[in-house]
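The structure appears right after this line, and notes come after that.
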């Protein structure tokens, strides 16, 4: 007759049969189930890690992920001036828009007319600039540095935001009927803003052939923007090649305004060189941003899965 260990076997029997079954007896479904219950009864309960002990790890991981994302995928930039009004709000001493800049797009394609781009200022743009000094206080300076990395403070670099008007190989000049002309075609620019309502005449400049590998950029606040027209010279109406921006200096494409919440919106990028009759319908214009928004959900899901696995890796193992 086969001896069986009852569910309520005394401690002495459990000591003699530590694996949960009588010695020498074969494994059966019944003995396996009792063995699992036996081992579970002696397993120490899992201890929960204190939130305050996990918080530093979470902060470090969050900062590292933010740093990597903003270095290689997308970054938030502060708009410091009003040269792109009304598309982007900004002014000296005020709270400007925070814009999300896509760093991936131009790995596969070049900037196109109408794109709002953030770029590192060429030497001609920055030779007379003076960087705002950082605080002498070590703690405050560290906070400023961290803020610039995550987009909550102005960056250290001399970065600019403008709209692409012409690309390499095209000829641009102004004006015909108060419109900028590219390759003989007047542009349709619905985004232009006239800060001074009494001065709605664009400053003229002679034809400039944009060198290959560069772009010609201008601000939407057309009469209050020092851009490719005037950077690097005295803006005397002569052809200006020092004002063009090398494509290699372009950091990324401004996609959306993320702060303040009242300004949440995508950033329009109509091609001013396209005939107005050929402009896509409004629902089609919003399609790329909608597709990008939808594509963000799988990324968010993967991030959550990664976070769960990462948390499990740091969780202490139960003692046996």
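Just so it is clear, glycine is given a Cβ too, placed from its N, Cα and C backbone atoms.
The structure displayed is predicted, hence computed values, not measured ones.
Per TrEMBL, the stretch carrying the note transmembrane segment among 13-34, 35-56, 57-78 is 57-78. Residue pair residue 162 (active site) / residue 83 (active site) shows a Cα separation of 8 Å. For residue 83 (active site), the same-chain residues that are 6 or more apart in sequence and have a Cβ closer than 8 Å to its Cβ are 90, 161, 162, 219, 220, 221, 224, 225, 226, 227.
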